[in-house]
């Protein structure tokens, strides 16, 4: 009886060759296709997998779970890798790998496989998730397998093999970039972009218009949150209202994209140590992250906010590096959910030519006291108390300066 392997399958050249290669090695290959919002023909992908040799194909729509359990969860900690990247690819991988493990368990498969390369982050994200959720599963990673590497030294070898085995391949001109698309973002890498000094042509971008070509009129959105989670968005100009999580996020993508929001060009540090340039388009999440952070300004205690902000870079790093299912992630999420208990209210954002600008906010749990903050009203605050406050905080500075002068003599 053949041993079963569940392959994370995209329908592209790499995973199609891997599927056939696994079949020829004697495996019963079950292809698993995850719909996380990429614009693919899933019926065609399923047909291609079956023709290539898969005994069964799972095509699953994970978009809603991606939004509610992954994107919105990352929002709780304002996850942003190296202060800039909103982690669109990294957030999707644990969801895909989790479902792959569940299918393997359902099918009684002994193996799981993926087509991630040996230089990138995705190999780590997939395999750490496998290990965390089912340590008994064996992993087949062809791009780290000596036999596979000896047979396929590059794209030409893959194409020749596909043609030899009758695997359908696209003959149309391919975009000269490596791209990953899901509901949260689209990323562009490789090709000319590997030169960090190269200024990308406008044709790199496929989701967003250039801010220069965006409408000359602002869009005002009112975004509502409950305990840090988005629950409603209202367009204050045309009255459009969305409350369903998936529809809400798709609408923010639509509004952000046509207003040139969410473009990012950066060089980042991959987990394995290689620096990589990525060009990203993340319109909807950029709007959400900005609005959410603004609401925290009036609802979160100062020290809680600052402590959370100290932990946020670690949170983003864990997501980026593939530790979504880990004890430290459970710890951080428990803390973040506690910190978000009063992050309830609404924020109005002005969206204009690539910018997302909060212009108003309200919360029933607001810690903002107009009288205390007023420049005109004393409001129960005794200004003379500040003298002692400053003296106490100045004490160590005075001592430090006296000692410093003493050392200089």
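Each Cβ is built from the backbone N, Cα and C atoms, and glycine gets one as well.
According to Swiss-Prot, the feature ATP binding site maps to 8, 9, 10, 11, 12, 13, 14, 15, 16, 34, 115. Look at residue 115 (ATP binding site): DSSP puts it in coil.
According to Swiss-Prot, the L-citrulline binding site annotation covers 85, 121, 125, 178, 187, 268, 280, on the basis of sequence analysis. Less than 8 angstroms from the CB of residue 187 (L-citrulline binding site) sit 88, 89, 179, 180, 181, 278, 279, 280, 281, each of them six or more residues away in the same chain.
Residue 121 (L-citrulline binding site) carries neither a helix nor a strand DSSP state and counts as coil. Listed in sequence order, 89, 90, 270, 271, 272, 320, 321, 322 are the same-chain residues at least 6 apart in sequence whose CB falls under 8 Å from the CB of residue 121 (L-citrulline binding site). The feature L-aspartate binding site is assigned by Swiss-Prot to 117, 121, 122.
Ranking the binding-site residues 16, 178 by other CB atoms within 10 A of the CB puts 178 at the bottom.
Sequence-distant contacts (6 or more apart, same chain, Cβ under 8 Å) of residue 115 (ATP binding site) comprise 7, 8, 10, 12, 14, 15, 18, 142, 143.
Across the structure, residue 117 (L-aspartate binding site) and residue 268 (L-citrulline binding site) are spaced 18 Å apart at their Cα atoms. Sequence-ordered, the extra residues of this chain that approach the L-aspartate site, with Cβ no more than 8 Å from the Cβ center of 117, 121, 122, are 116, 119, 120, 123, 124, 125.
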